[in-house]
Amino acid sequence: MIGFLIMLVSLLFVLSVVVTVHELGHYWAARACGVAIERFSIGFGAPLISWRDKRGVEWCVASIPLGGYVRFAGDENAASVPDQNDLDAMRNEIRRREGDDAVNRYFHFKPVWQRAFIAVAGPMANFILAILVFAVILVSFGAQKTSTTVGEVVAGTPAAAAGFKPGDVILKADNRQIRSFQDIQGYVALRANMPIDFAVERDGRTVHLTATPRLVERQNEISGRVKVGELGLRSAPGGRFERSSLLSAIPDATVEVWDMIKTIAFYLGRLLMGQLPADQISGIIGIGHTAGAVTNGVVEQAPNGKALAIGLIYSQFWLIASLSVSIGFMNLLPIPVLDGGHLVMYAYEAVAKRPLRAEFQAAGFRAGLALILGFMLFAAWNDLNRYDVFKFIGGLFT
């Protein structure tokens, strides 16, 4: 029970921070463009606490702490863009009610480039948050740098077949610089059944080896049962935590975030092409389990209060940065309802000089919503299966 509560608190904290920053991105961009804002809510449902600032914005903390939203004046249906007839009717109503000058304060009457800027500001805020948090981690704690020297080649594995030898120093994988053994593991994990060209230093010279990772199933304490690519290499002993300087922290963190974005895009591409098993897709249950497992691990292993505090700060920062990158990327996908879907509609409007017709928007919205809900249900099924929930329930009746 305590473990579940830790998981729940960690999940709600991390998710609230990431989503609030995402919505603040939309909020600050809208303010910069002179858009009237009606409400900023942390969470959904009935407001528990609310107040108005001097600009008339209602700030709320709502009863369901899973997400949040910002609502602009006249944006009752935030999922779509009004068509020309709706815009004309809305403009006339605003003029009648508030006067001609008020029209320009409404989101839908801003130039299309400003609306696109407001839409993209949410994901960009997530990426900026991740960069700042990773920078703090790199300065305060550092990054683990394990040796890229091969300590052992497991017999009968792809690494053995490719000709790896103990003592080889791995320099590059597919011309990508390798900085630690974790880089190798992360790169290989997503490339099962894909040949990888390794540049290896051996006896003072560089040789190239081609190895194709095999797909294996592993039980992971944090992620549960996962299928990953594996070569059969083990690193040589040795490693250290290397801190970034204040000057290099932001560039180093930016590289970290960019690498994560490329990894997510590559993983999604392989999934869509059927090159990776779809049962590896994870959702909110998986995120919660990861948050709980990481936090529980810190609580159980900390020898004293100081170590516990440091471990909790590090783990929650790491979770916030990682989830922030994922949410920022996923929101840029060109699916109606998401920010990326709005950007597609604005691109059409910029080219056609008019918004997409309302019936097409409605159809796109329904299709996008169905796609997202279907994805969430499928991901939840995978998570429950990965953590053997169905096996446990079945055992109750046998």
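Even glycines carry a Cβ here, placed using N, Cα and C.
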Correct range for transmembrane segment (source Swiss-Prot, candidates 2-21, 362-381): 362-381
Per-state residue totals over the domain 'PDZ' (130-203) - DSSP helix, strand, coil: 25 helix, 23 strand, 26 coil
